[in-house]
Amino acid sequence: MSVAVASPVDPLVAVAPASITESPAVPSMLPTGTEPLAAVHEAAADPATMLRTATTTASPEPIGPEPTLAPPDSPIERPATSPLPKFDHASNELRQRIRSASTNLPPTRTASAMSIGSARRERTVSSRRGSPFRARSSKLDLERLERDKEDFRGFFVLFWIGMGYYVALTVVNNWSSQGTVLGMQTFKLMFAHVFRMLRDDLTMVVSMSGAFVINLLFRYRILRHRAIRLVLHHAFQAVFLLGWLSWIWARDLAWMQTAFLTLHTMAMLLKNHSYLQVNGELNELWWEEKALKAELAKVDASTDDADAARERRNEIVEALDAIDHELQPGRVRYPNNLTPGNFVDYLVCPTLVYQLDYPRTTTIRWGYVAEKLLALAGTIMLMYITVEHYITPVLANLPNVTFVQALLQLLFPFMLCYLMVFYIIFECVCNGFAELSRFADRNFYDDWWNSSSFDQFARKWNKPVHEFLLRHVYLESITSYKVSKANATYLTFFFSSCLHELAMIMVSKRVRFYLFALQMFQIPLIWFGRLEWSRQHRVVGNAFFWFGIFAGPPLLAICYCWDYVMVDPSL
(Lines of atoms letter the chains of each structure in order from A and count residues from 1; the text may use other names and numbers.)
(Lines give C-alpha, C1' and ligand atoms only; values in the text may rest on other atoms or scores of the structure.)
Protein backbone atom coordinates (compact mmCIF):
# COMPACT_ATOMS: atom_id res chain seq x y z
CA MET A 1 0.00 0.00 0.00
CA SER A 2 1.37 3.36 -0.97
CA VAL A 3 1.14 6.07 1.63
CA ALA A 4 3.19 8.78 0.01
CA VAL A 5 0.80 9.11 -2.88
CA ALA A 6 -1.29 11.10 -0.44
CA SER A 7 1.16 13.93 -0.49
CA PRO A 8 -0.32 15.63 -3.55
CA VAL A 9 -3.77 15.51 -1.98
CA ASP A 10 -3.41 18.14 0.71
CA PRO A 11 -3.85 21.52 -0.94
CA LEU A 12 -6.67 22.51 1.38
CA VAL A 13 -4.07 23.02 4.06
CA ALA A 14 -1.39 24.16 1.67
CA VAL A 15 0.32 27.16 3.14
CA ALA A 16 1.56 29.84 0.82
CA PRO A 17 1.14 33.20 2.42
CA ALA A 18 3.45 36.03 1.65
CA SER A 19 3.69 39.71 1.97
CA ILE A 20 1.17 41.67 0.02
CA THR A 21 4.04 43.44 -1.60
CA GLU A 22 6.50 41.90 -4.03
CA SER A 23 8.53 40.32 -1.27
CA PRO A 24 10.56 37.15 -1.13
CA ALA A 25 8.88 34.07 0.23
CA VAL A 26 9.81 30.67 1.44
CA PRO A 27 10.13 28.60 -1.72
CA SER A 28 8.66 25.21 -2.40
CA MET A 29 10.20 22.04 -3.72
CA LEU A 30 7.44 19.99 -2.20
CA PRO A 31 4.25 18.40 -3.51
CA THR A 32 0.90 20.08 -3.57
CA GLY A 33 -0.05 21.31 -0.16
CA THR A 34 3.50 21.66 1.09
CA GLU A 35 4.08 25.29 0.22
CA PRO A 36 5.23 26.98 3.41
CA LEU A 37 4.94 30.61 4.25
CA ALA A 38 6.30 33.49 2.32
CA ALA A 39 8.65 35.79 4.10
CA VAL A 40 6.86 39.09 4.50
CA HIS A 41 8.66 42.16 3.27
CA GLU A 42 10.47 43.69 6.19
CA ALA A 43 10.26 47.14 4.68
CA ALA A 44 6.46 47.18 4.82
CA ALA A 45 5.27 50.20 6.72
CA ASP A 46 2.84 48.40 9.03
CA PRO A 47 0.20 45.64 8.88
CA ALA A 48 -2.56 48.09 8.07
CA THR A 49 -0.60 49.43 5.11
CA MET A 50 -0.05 45.91 3.85
CA LEU A 51 -3.75 45.13 3.92
CA ARG A 52 -4.68 48.43 2.30
CA THR A 53 -2.71 47.37 -0.76
CA ALA A 54 -4.06 43.83 -0.85
CA THR A 55 -6.48 44.26 -3.70
CA THR A 56 -3.90 45.89 -5.95
CA THR A 57 -0.51 44.32 -5.33
CA ALA A 58 -1.67 40.80 -4.55
CA SER A 59 -3.07 40.59 -8.07
CA PRO A 60 -0.76 42.81 -10.09
CA GLU A 61 -2.47 42.26 -13.40
CA PRO A 62 -6.16 43.02 -13.97
CA ILE A 63 -8.29 39.95 -14.46
CA GLY A 64 -9.89 40.94 -17.71
CA PRO A 65 -12.42 43.79 -17.83
CA GLU A 66 -14.71 44.53 -14.89
CA PRO A 67 -15.05 40.97 -13.54
CA THR A 68 -18.46 39.41 -13.93
CA LEU A 69 -19.13 35.83 -13.06
CA ALA A 70 -22.75 35.89 -14.05
CA PRO A 71 -24.20 36.44 -17.53
CA PRO A 72 -25.06 39.98 -18.64
CA ASP A 73 -28.63 39.56 -17.43
CA SER A 74 -27.43 38.54 -13.98
CA PRO A 75 -25.18 41.30 -12.64
CA ILE A 76 -22.97 40.91 -9.63
CA GLU A 77 -24.04 42.23 -6.28
CA ARG A 78 -21.29 44.06 -4.46
CA PRO A 79 -21.34 45.00 -0.79
CA ALA A 80 -22.39 48.56 -0.27
CA THR A 81 -19.23 49.71 1.42
CA SER A 82 -19.37 52.79 3.56
CA PRO A 83 -16.69 55.44 3.03
CA LEU A 84 -13.60 55.21 5.18
CA PRO A 85 -13.53 57.54 8.17
CA LYS A 86 -11.67 60.75 7.59
CA PHE A 87 -8.89 60.04 10.02
CA ASP A 88 -5.84 57.85 10.36
CA HIS A 89 -6.39 54.78 12.52
CA ALA A 90 -2.68 54.60 13.16
CA SER A 91 -2.59 58.14 14.55
CA ASN A 92 -1.36 58.27 18.12
CA GLU A 93 -3.55 61.30 18.71
CA LEU A 94 -6.66 59.42 17.66
CA ARG A 95 -5.69 56.46 19.80
CA GLN A 96 -5.55 58.74 22.81
CA ARG A 97 -8.94 60.21 21.95
CA ILE A 98 -10.58 56.81 21.60
CA ARG A 99 -8.91 55.69 24.80
CA SER A 100 -10.14 58.76 26.68
CA ALA A 101 -13.62 58.42 25.17
CA SER A 102 -13.97 54.87 26.46
CA THR A 103 -14.06 55.73 30.14
CA ASN A 104 -17.69 54.86 30.85
CA LEU A 105 -17.64 51.12 30.25
CA PRO A 106 -19.94 48.39 31.58
CA PRO A 107 -19.50 47.63 35.31
CA THR A 108 -17.83 44.30 34.59
CA ARG A 109 -14.84 46.01 33.01
CA THR A 110 -12.03 47.37 35.14
CA ALA A 111 -9.64 50.15 34.18
CA SER A 112 -7.07 47.63 33.01
CA ALA A 113 -9.70 45.83 30.99
CA MET A 114 -10.67 49.18 29.50
CA SER A 115 -7.13 49.79 28.25
CA ILE A 116 -6.98 46.26 26.90
CA GLY A 117 -10.21 46.87 25.04
CA SER A 118 -8.89 50.06 23.50
CA ALA A 119 -5.70 48.37 22.37
CA ARG A 120 -7.77 45.47 21.09
CA ARG A 121 -9.84 47.85 19.00
CA GLU A 122 -6.70 49.36 17.52
CA ARG A 123 -5.49 45.89 16.59
CA THR A 124 -8.89 45.00 15.15
CA VAL A 125 -8.89 48.07 12.94
CA SER A 126 -5.35 47.38 11.74
CA SER A 127 -5.74 43.67 11.14
CA ARG A 128 -8.99 43.71 9.19
CA ARG A 129 -8.80 47.01 7.37
CA GLY A 130 -8.81 46.64 3.62
CA SER A 131 -10.89 43.62 2.60
CA PRO A 132 -9.13 41.57 -0.08
CA PHE A 133 -12.41 40.23 -1.44
CA ARG A 134 -13.78 41.54 -4.71
CA ALA A 135 -15.75 40.07 -7.60
CA ARG A 136 -13.43 38.22 -10.01
CA SER A 137 -13.18 34.85 -11.72
CA SER A 138 -10.42 32.27 -11.55
CA LYS A 139 -7.71 32.37 -14.18
CA LEU A 140 -8.35 28.93 -15.70
CA ASP A 141 -12.12 29.18 -15.75
CA LEU A 142 -13.23 28.37 -19.31
CA GLU A 143 -15.83 31.14 -19.27
CA ARG A 144 -13.16 33.71 -18.41
CA LEU A 145 -10.73 32.40 -21.03
CA GLU A 146 -13.35 32.83 -23.71
CA ARG A 147 -14.66 36.15 -22.42
CA ASP A 148 -11.24 37.77 -22.24
CA LYS A 149 -9.94 36.16 -25.47
CA GLU A 150 -6.81 34.87 -23.74
CA ASP A 151 -3.97 34.29 -26.20
CA PHE A 152 -3.17 30.87 -24.75
CA ARG A 153 -6.71 29.54 -24.36
CA GLY A 154 -6.02 27.03 -27.14
CA PHE A 155 -3.49 25.30 -24.88
CA PHE A 156 -6.31 24.68 -22.43
CA VAL A 157 -8.14 22.71 -25.14
CA LEU A 158 -4.91 21.01 -26.22
CA PHE A 159 -4.27 19.83 -22.65
CA TRP A 160 -7.62 18.07 -22.44
CA ILE A 161 -7.18 16.51 -25.87
CA GLY A 162 -3.79 15.21 -24.72
CA MET A 163 -5.37 13.81 -21.56
CA GLY A 164 -7.98 12.01 -23.66
CA TYR A 165 -5.22 10.40 -25.69
CA TYR A 166 -3.43 9.53 -22.43
CA VAL A 167 -6.52 7.69 -21.14
CA ALA A 168 -7.05 5.83 -24.42
CA LEU A 169 -3.42 4.72 -24.58
CA THR A 170 -3.51 3.48 -20.98
CA VAL A 171 -6.71 1.51 -21.56
CA VAL A 172 -5.34 -0.12 -24.73
CA ASN A 173 -2.04 -1.06 -23.10
CA ASN A 174 -3.75 -2.44 -20.01
CA TRP A 175 -6.18 -4.50 -22.09
CA SER A 176 -3.42 -5.99 -24.19
CA SER A 177 -1.18 -6.85 -21.23
CA GLN A 178 -3.67 -7.82 -18.50
CA GLY A 179 -7.01 -8.31 -20.23
CA THR A 180 -8.74 -5.60 -18.16
CA VAL A 181 -9.64 -2.02 -18.94
CA LEU A 182 -8.40 -0.52 -15.67
CA GLY A 183 -6.83 -1.82 -12.47
CA MET A 184 -9.00 -1.93 -9.35
CA GLN A 185 -6.53 -1.65 -6.47
CA THR A 186 -6.80 2.12 -6.13
CA PHE A 187 -10.57 1.93 -6.66
CA LYS A 188 -10.89 -0.32 -3.61
CA LEU A 189 -8.86 2.12 -1.52
CA MET A 190 -10.95 5.06 -2.68
CA PHE A 191 -14.31 3.52 -1.84
CA ALA A 192 -13.44 1.38 1.18
CA HIS A 193 -15.67 2.53 4.06
CA VAL A 194 -16.74 5.55 2.00
CA PHE A 195 -20.12 5.91 3.74
CA ARG A 196 -18.49 5.73 7.15
CA MET A 197 -16.10 8.47 6.04
CA LEU A 198 -18.93 10.70 4.79
CA ARG A 199 -20.86 10.22 8.03
CA ASP A 200 -17.81 11.18 10.10
CA ASP A 201 -17.16 14.18 7.89
CA LEU A 202 -20.72 15.46 8.21
CA THR A 203 -20.61 15.01 11.99
CA MET A 204 -17.34 16.92 12.12
CA VAL A 205 -18.83 19.86 10.21
CA VAL A 206 -21.92 19.90 12.45
CA SER A 207 -19.69 19.95 15.54
CA MET A 208 -18.38 23.33 14.39
CA SER A 209 -21.68 24.83 15.54
CA GLY A 210 -20.03 25.11 18.95
CA ALA A 211 -18.30 28.23 17.64
CA PHE A 212 -21.70 29.75 16.85
CA VAL A 213 -22.97 28.97 20.37
CA ILE A 214 -19.88 30.56 21.95
CA ASN A 215 -20.47 33.80 20.05
CA LEU A 216 -24.11 33.85 21.17
CA LEU A 217 -23.04 33.52 24.82
CA PHE A 218 -21.04 36.72 24.53
CA ARG A 219 -23.60 38.42 22.34
CA TYR A 220 -26.23 38.18 25.11
CA ARG A 221 -23.72 38.84 27.93
CA ILE A 222 -24.14 35.39 29.44
CA LEU A 223 -20.35 35.42 29.43
CA ARG A 224 -18.56 38.76 29.52
CA HIS A 225 -14.87 38.95 30.20
CA ARG A 226 -12.37 38.92 27.36
CA ALA A 227 -10.10 36.50 29.22
CA ILE A 228 -12.96 34.01 29.46
CA ARG A 229 -13.63 34.42 25.73
CA LEU A 230 -10.02 33.71 24.81
CA VAL A 231 -9.81 30.66 27.07
CA LEU A 232 -13.09 29.28 25.74
CA HIS A 233 -12.06 30.07 22.17
CA HIS A 234 -8.76 28.19 22.31
CA ALA A 235 -10.15 25.37 24.44
CA PHE A 236 -12.88 24.71 21.89
CA GLN A 237 -10.36 24.68 19.06
CA ALA A 238 -8.05 22.30 20.94
CA VAL A 239 -10.89 19.91 21.72
CA PHE A 240 -12.13 20.12 18.14
CA LEU A 241 -8.74 19.34 16.59
CA LEU A 242 -7.46 16.73 19.04
CA GLY A 243 -10.84 15.08 19.40
CA TRP A 244 -11.40 14.60 15.69
CA LEU A 245 -7.82 13.59 14.93
CA SER A 246 -8.03 10.97 17.70
CA TRP A 247 -11.29 9.71 16.24
CA ILE A 248 -9.83 9.51 12.74
CA TRP A 249 -6.76 7.69 14.06
CA ALA A 250 -8.89 5.13 15.88
CA ARG A 251 -11.14 4.48 12.87
CA ASP A 252 -8.37 2.68 10.98
CA LEU A 253 -9.59 3.86 7.59
CA ALA A 254 -7.74 3.53 4.28
CA TRP A 255 -5.10 6.20 3.78
CA MET A 256 -7.20 8.08 1.22
CA GLN A 257 -10.12 8.45 3.63
CA THR A 258 -7.73 9.35 6.45
CA ALA A 259 -6.12 12.04 4.29
CA PHE A 260 -9.47 13.52 3.30
CA LEU A 261 -10.84 13.65 6.85
CA THR A 262 -7.60 15.02 8.29
CA LEU A 263 -7.30 17.79 5.72
CA HIS A 264 -10.95 18.75 5.98
CA THR A 265 -10.68 18.85 9.77
CA MET A 266 -7.71 21.21 9.51
CA ALA A 267 -9.50 23.43 7.03
CA MET A 268 -12.53 23.61 9.33
CA LEU A 269 -10.21 24.42 12.24
CA LEU A 270 -8.95 27.48 10.36
CA LYS A 271 -12.51 28.53 9.54
CA ASN A 272 -13.42 28.00 13.18
CA HIS A 273 -10.60 30.24 14.40
CA SER A 274 -11.43 33.09 12.05
CA TYR A 275 -15.14 33.00 12.94
CA LEU A 276 -14.48 33.08 16.69
CA GLN A 277 -11.71 35.67 16.48
CA VAL A 278 -13.49 38.19 14.27
CA ASN A 279 -16.83 37.98 16.06
CA GLY A 280 -15.12 38.14 19.46
CA GLU A 281 -13.39 41.37 18.53
CA LEU A 282 -16.58 42.82 17.07
CA ASN A 283 -18.42 41.91 20.26
CA GLU A 284 -15.96 43.96 22.32
CA LEU A 285 -16.39 46.92 19.98
CA TRP A 286 -20.17 46.58 20.11
CA TRP A 287 -20.31 46.82 23.91
CA GLU A 288 -17.83 49.69 23.93
CA GLU A 289 -20.07 51.46 21.43
CA LYS A 290 -23.01 51.10 23.84
CA ALA A 291 -20.93 52.53 26.68
CA LEU A 292 -19.82 55.48 24.54
CA LYS A 293 -23.40 56.21 23.47
CA ALA A 294 -24.49 56.22 27.11
CA GLU A 295 -21.71 58.64 27.97
CA LEU A 296 -22.61 60.81 24.97
CA ALA A 297 -26.17 61.10 26.30
CA LYS A 298 -24.80 62.22 29.68
CA VAL A 299 -22.52 64.78 28.05
CA ASP A 300 -25.40 66.20 26.00
CA ALA A 301 -27.50 66.51 29.15
CA SER A 302 -24.70 68.07 31.17
CA THR A 303 -24.89 71.72 32.23
CA ASP A 304 -21.19 71.96 33.08
CA ASP A 305 -18.50 73.85 31.16
CA ALA A 306 -19.82 74.12 27.58
CA ASP A 307 -16.39 74.16 25.94
CA ALA A 308 -15.18 71.09 27.81
CA ALA A 309 -18.45 69.28 27.08
CA ARG A 310 -18.23 70.17 23.40
CA GLU A 311 -14.64 68.91 23.18
CA ARG A 312 -15.57 65.72 24.99
CA ARG A 313 -18.54 65.24 22.71
CA ASN A 314 -16.37 65.56 19.60
CA GLU A 315 -13.94 62.96 20.96
CA ILE A 316 -16.77 60.50 21.64
CA VAL A 317 -18.36 61.07 18.21
CA GLU A 318 -15.03 60.50 16.51
CA ALA A 319 -14.52 57.26 18.45
CA LEU A 320 -18.06 56.14 17.58
CA ASP A 321 -17.39 56.79 13.89
CA ALA A 322 -14.33 54.53 14.04
CA ILE A 323 -16.26 51.77 15.79
CA ASP A 324 -19.23 52.10 13.46
CA HIS A 325 -17.02 51.53 10.43
CA GLU A 326 -15.76 48.30 12.00
CA LEU A 327 -19.20 47.06 12.99
CA GLN A 328 -20.69 47.73 9.56
CA PRO A 329 -18.11 47.79 6.75
CA GLY A 330 -20.77 46.82 4.19
CA ARG A 331 -24.40 45.79 4.15
CA VAL A 332 -24.34 43.66 7.32
CA ARG A 333 -23.88 45.08 10.81
CA TYR A 334 -22.75 43.22 13.88
CA PRO A 335 -24.52 41.52 15.71
CA ASN A 336 -27.09 40.97 12.96
CA ASN A 337 -24.67 38.47 11.42
CA LEU A 338 -25.02 36.05 14.35
CA THR A 339 -27.68 33.88 12.75
CA PRO A 340 -27.67 30.19 11.79
CA GLY A 341 -28.04 31.16 8.15
CA ASN A 342 -24.97 33.37 8.18
CA PHE A 343 -22.95 30.66 9.92
CA VAL A 344 -23.94 27.97 7.41
CA ASP A 345 -23.25 30.38 4.55
CA TYR A 346 -19.73 30.95 5.91
CA LEU A 347 -19.14 27.18 6.10
CA VAL A 348 -20.13 26.80 2.44
CA CYS A 349 -18.17 29.80 1.13
CA PRO A 350 -14.71 28.77 -0.16
CA THR A 351 -12.78 31.08 2.15
CA LEU A 352 -11.00 30.64 5.47
CA VAL A 353 -11.29 34.29 6.52
CA TYR A 354 -14.55 35.44 8.08
CA GLN A 355 -15.96 38.89 7.49
CA LEU A 356 -19.42 40.35 7.77
CA ASP A 357 -20.06 40.54 4.04
CA TYR A 358 -18.59 39.25 0.79
CA PRO A 359 -19.12 40.23 -2.85
CA ARG A 360 -21.93 38.10 -4.27
CA THR A 361 -23.39 37.05 -7.59
CA THR A 362 -27.15 37.49 -7.99
CA THR A 363 -28.02 33.97 -9.14
CA ILE A 364 -26.78 30.39 -9.06
CA ARG A 365 -25.96 29.13 -12.55
CA TRP A 366 -26.77 25.45 -12.39
CA GLY A 367 -25.25 24.87 -15.81
CA TYR A 368 -21.96 26.21 -14.45
CA VAL A 369 -22.24 23.88 -11.45
CA ALA A 370 -22.83 20.93 -13.81
CA GLU A 371 -19.78 21.95 -15.84
CA LYS A 372 -17.59 21.89 -12.72
CA LEU A 373 -19.01 18.53 -11.63
CA LEU A 374 -18.22 17.08 -15.05
CA ALA A 375 -14.70 18.52 -14.93
CA LEU A 376 -14.29 17.11 -11.41
CA ALA A 377 -15.34 13.62 -12.47
CA GLY A 378 -13.11 13.65 -15.54
CA THR A 379 -10.07 14.90 -13.65
CA ILE A 380 -10.53 12.35 -10.88
CA MET A 381 -10.63 9.63 -13.54
CA LEU A 382 -7.37 10.90 -15.03
CA MET A 383 -5.73 10.97 -11.62
CA TYR A 384 -7.03 7.50 -10.83
CA ILE A 385 -5.46 6.10 -13.99
CA THR A 386 -2.16 7.83 -13.22
CA VAL A 387 -1.99 6.53 -9.64
CA GLU A 388 -3.16 3.02 -10.48
CA HIS A 389 -0.94 2.38 -13.50
CA TYR A 390 2.06 4.67 -13.17
CA ILE A 391 2.65 5.37 -9.46
CA THR A 392 1.49 2.42 -7.36
CA PRO A 393 3.45 -0.22 -9.37
CA VAL A 394 6.68 1.76 -9.02
CA LEU A 395 6.28 2.28 -5.27
CA ALA A 396 5.42 -1.40 -4.78
CA ASN A 397 8.57 -2.34 -6.68
CA LEU A 398 10.97 -0.19 -4.64
CA PRO A 399 13.03 -3.18 -3.37
CA ASN A 400 13.93 -4.08 -6.96
CA VAL A 401 14.99 -0.65 -8.27
CA THR A 402 17.51 1.93 -7.24
CA PHE A 403 16.54 5.23 -5.68
CA VAL A 404 17.41 7.15 -8.86
CA GLN A 405 15.43 4.77 -11.05
CA ALA A 406 12.36 5.08 -8.84
CA LEU A 407 12.68 8.86 -8.79
CA LEU A 408 12.93 9.10 -12.58
CA GLN A 409 9.96 6.79 -13.11
CA LEU A 410 7.81 8.84 -10.75
CA LEU A 411 8.67 12.35 -11.94
CA PHE A 412 6.13 12.71 -14.73
CA PRO A 413 3.24 10.77 -13.09
CA PHE A 414 3.51 12.84 -9.95
CA MET A 415 3.69 16.02 -11.97
CA LEU A 416 0.42 15.10 -13.64
CA CYS A 417 -1.13 14.34 -10.26
CA TYR A 418 0.15 17.67 -8.98
CA LEU A 419 -1.57 19.57 -11.78
CA MET A 420 -4.76 17.53 -11.52
CA VAL A 421 -5.07 17.94 -7.75
CA PHE A 422 -4.57 21.67 -8.19
CA TYR A 423 -7.30 21.75 -10.83
CA ILE A 424 -9.67 19.62 -8.74
CA ILE A 425 -9.35 21.66 -5.57
CA PHE A 426 -9.03 25.23 -6.78
CA GLU A 427 -10.88 25.16 -10.09
CA CYS A 428 -13.60 22.53 -9.61
CA VAL A 429 -14.36 22.28 -5.90
CA CYS A 430 -13.76 25.91 -4.91
CA ASN A 431 -15.57 27.29 -7.94
CA GLY A 432 -18.43 24.85 -7.42
CA PHE A 433 -18.97 25.88 -3.81
CA ALA A 434 -18.49 29.54 -4.77
CA GLU A 435 -21.30 29.25 -7.31
CA LEU A 436 -23.60 27.49 -4.84
CA SER A 437 -22.98 30.14 -2.19
CA ARG A 438 -22.97 33.01 -4.76
CA PHE A 439 -19.46 33.89 -3.55
CA ALA A 440 -18.17 36.25 -6.23
CA ASP A 441 -14.45 36.36 -5.45
CA ARG A 442 -13.03 33.37 -7.37
CA ASN A 443 -9.39 34.42 -7.10
CA PHE A 444 -8.28 31.18 -5.44
CA TYR A 445 -4.89 31.29 -7.17
CA ASP A 446 -2.81 33.46 -9.47
CA ASP A 447 -0.51 32.49 -12.35
CA TRP A 448 1.85 30.46 -10.17
CA TRP A 449 3.07 28.50 -13.22
CA ASN A 450 4.91 31.63 -14.39
CA SER A 451 6.84 31.96 -11.14
CA SER A 452 10.52 32.68 -11.58
CA SER A 453 11.22 32.21 -7.87
CA PHE A 454 9.68 30.24 -5.08
CA ASP A 455 8.55 33.35 -3.24
CA GLN A 456 6.34 34.23 -6.20
CA PHE A 457 4.94 30.72 -6.17
CA ALA A 458 4.19 31.00 -2.46
CA ARG A 459 2.20 34.18 -3.03
CA LYS A 460 0.20 32.80 -5.93
CA TRP A 461 -0.44 29.14 -5.19
CA ASN A 462 -3.10 28.94 -2.46
CA LYS A 463 -4.79 32.28 -1.89
CA PRO A 464 -7.43 31.21 0.71
CA VAL A 465 -4.85 29.86 3.14
CA HIS A 466 -2.46 32.67 2.29
CA GLU A 467 -5.04 35.20 3.41
CA PHE A 468 -5.80 33.29 6.61
CA LEU A 469 -2.17 33.01 7.66
CA LEU A 470 -1.43 36.60 6.78
CA ARG A 471 -4.28 37.91 8.91
CA HIS A 472 -4.59 35.44 11.76
CA VAL A 473 -1.01 34.27 12.27
CA TYR A 474 1.45 36.81 10.87
CA LEU A 475 -0.41 40.03 11.69
CA GLU A 476 -1.82 38.58 14.91
CA SER A 477 1.64 37.79 16.22
CA ILE A 478 2.88 41.29 15.36
CA THR A 479 -0.02 43.33 16.72
CA SER A 480 -1.05 41.22 19.74
CA TYR A 481 2.24 39.74 20.90
CA LYS A 482 4.63 42.45 19.63
CA VAL A 483 6.72 39.95 17.69
CA SER A 484 9.12 41.38 15.13
CA LYS A 485 8.27 40.97 11.45
CA ALA A 486 11.14 38.54 10.88
CA ASN A 487 10.16 36.40 13.88
CA ALA A 488 6.50 36.56 12.85
CA THR A 489 7.48 35.18 9.45
CA TYR A 490 9.39 32.28 11.00
CA LEU A 491 6.57 31.63 13.45
CA THR A 492 4.06 31.43 10.62
CA PHE A 493 6.43 29.21 8.66
CA PHE A 494 6.78 26.90 11.66
CA PHE A 495 3.01 26.77 12.13
CA SER A 496 2.61 25.79 8.48
CA SER A 497 5.28 23.10 8.70
CA CYS A 498 3.69 21.58 11.80
CA LEU A 499 0.28 21.36 10.15
CA HIS A 500 1.73 19.62 7.11
CA GLU A 501 3.75 17.16 9.14
CA LEU A 502 0.72 16.44 11.31
CA ALA A 503 -1.24 15.54 8.19
CA MET A 504 1.50 13.12 7.09
CA ILE A 505 1.67 11.58 10.57
CA MET A 506 -2.06 10.90 10.41
CA VAL A 507 -1.80 9.31 6.97
CA SER A 508 1.38 7.26 7.47
CA LYS A 509 0.81 6.43 11.17
CA ARG A 510 4.45 7.29 11.71
CA VAL A 511 6.54 10.25 12.85
CA ARG A 512 9.29 10.72 10.29
CA PHE A 513 9.55 14.51 9.70
CA TYR A 514 10.50 14.10 6.04
CA LEU A 515 8.04 16.75 4.94
CA PHE A 516 8.99 19.03 7.82
CA ALA A 517 12.68 18.72 6.94
CA LEU A 518 12.12 19.51 3.27
CA GLN A 519 10.14 22.60 4.20
CA MET A 520 12.95 23.81 6.42
CA PHE A 521 15.42 23.07 3.64
CA GLN A 522 13.66 25.71 1.58
CA ILE A 523 14.75 28.53 3.88
CA PRO A 524 18.19 28.92 2.21
CA LEU A 525 16.43 29.16 -1.13
CA ILE A 526 14.81 32.38 0.06
CA TRP A 527 18.22 33.96 0.06
CA PHE A 528 18.94 32.58 -3.39
CA GLY A 529 15.70 34.04 -4.74
CA ARG A 530 16.63 37.47 -3.41
CA LEU A 531 19.92 37.63 -5.30
CA GLU A 532 20.08 40.21 -8.06
CA TRP A 533 21.25 37.54 -10.48
CA SER A 534 18.13 35.49 -9.81
CA ARG A 535 15.90 38.49 -10.40
CA GLN A 536 17.56 39.28 -13.72
CA HIS A 537 17.34 35.72 -15.13
CA ARG A 538 13.65 34.97 -14.82
CA VAL A 539 13.61 32.17 -17.41
CA VAL A 540 16.32 30.34 -15.52
CA GLY A 541 14.41 30.97 -12.30
CA ASN A 542 11.23 29.55 -13.80
CA ALA A 543 13.12 26.44 -14.96
CA PHE A 544 14.58 25.98 -11.48
CA PHE A 545 11.13 26.42 -9.99
CA TRP A 546 9.67 23.71 -12.22
CA PHE A 547 12.57 21.41 -11.42
CA GLY A 548 11.64 21.72 -7.75
CA ILE A 549 7.99 21.03 -8.48
CA PHE A 550 8.96 17.94 -10.50
CA ALA A 551 11.38 16.55 -7.93
CA GLY A 552 9.53 17.23 -4.66
CA PRO A 553 6.47 14.94 -4.83
CA PRO A 554 8.25 11.71 -5.92
CA LEU A 555 11.02 12.34 -3.42
CA LEU A 556 8.50 12.50 -0.59
CA ALA A 557 6.64 9.49 -1.94
CA ILE A 558 9.77 7.35 -1.86
CA CYS A 559 10.69 8.54 1.64
CA TYR A 560 7.30 7.84 3.18
CA CYS A 561 6.92 4.49 1.38
CA TRP A 562 10.31 3.24 2.50
CA ASP A 563 8.94 1.89 5.78
CA TYR A 564 6.21 0.01 3.99
CA VAL A 565 8.21 -1.80 1.36
CA MET A 566 11.76 -1.84 2.71
CA VAL A 567 11.86 -1.56 6.50
CA ASP A 568 8.71 -3.56 7.31
CA PRO A 569 7.26 -5.36 4.27
CA SER A 570 4.49 -6.82 6.44
CA LEU A 571 2.88 -3.39 6.49
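First residue shown is number 1, and so on along the chain.
Every residue gets a Cβ built from N, Cα and C, even glycine.
Because TrEMBL annotations are produced automatically, they should be read as predictions rather than curated entries.
As recorded in TrEMBL, the features of this protein are as follows:
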- H500: active site (ACT_SITE)
- 62-74: compositional bias 'Pro residues' (COMPBIAS)
- 86-96: compositional bias 'Basic and acidic residues' (COMPBIAS)
- 99-115: compositional bias 'Polar residues' (COMPBIAS)
- 55-132: region 'Disordered' (REGION)
- 154-172: transmembrane segment (TRANSMEM)
- 202-218: transmembrane segment (TRANSMEM)
- 230-247: transmembrane segment (TRANSMEM)
- 253-270: transmembrane segment (TRANSMEM)
- 373-391: transmembrane segment (TRANSMEM)
- 411-434: transmembrane segment (TRANSMEM)
- 513-531: transmembrane segment (TRANSMEM)
- 543-565: transmembrane segment (TRANSMEM)
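Contacts between the transmembrane segment (411-434) and the transmembrane segment (513-531): absent, as fewer than 3 C-beta pairs lie under 8 angstroms at sequence separation of six or more. Residues 200, 204, 207-208, 210-211, 214, 223, 261-262, 265-266, 268-269, 272-273, 276-277, 280, 502, 506 of the same chain lie 6+ residues outside the transmembrane segment (230-247) yet bring a C-beta within less than 8 angstroms of a C-beta in it.
Among 202-218, 373-391, 513-531, 543-565, 373-391 has the largest number of CB pairs under 8 A with the transmembrane segment (154-172).
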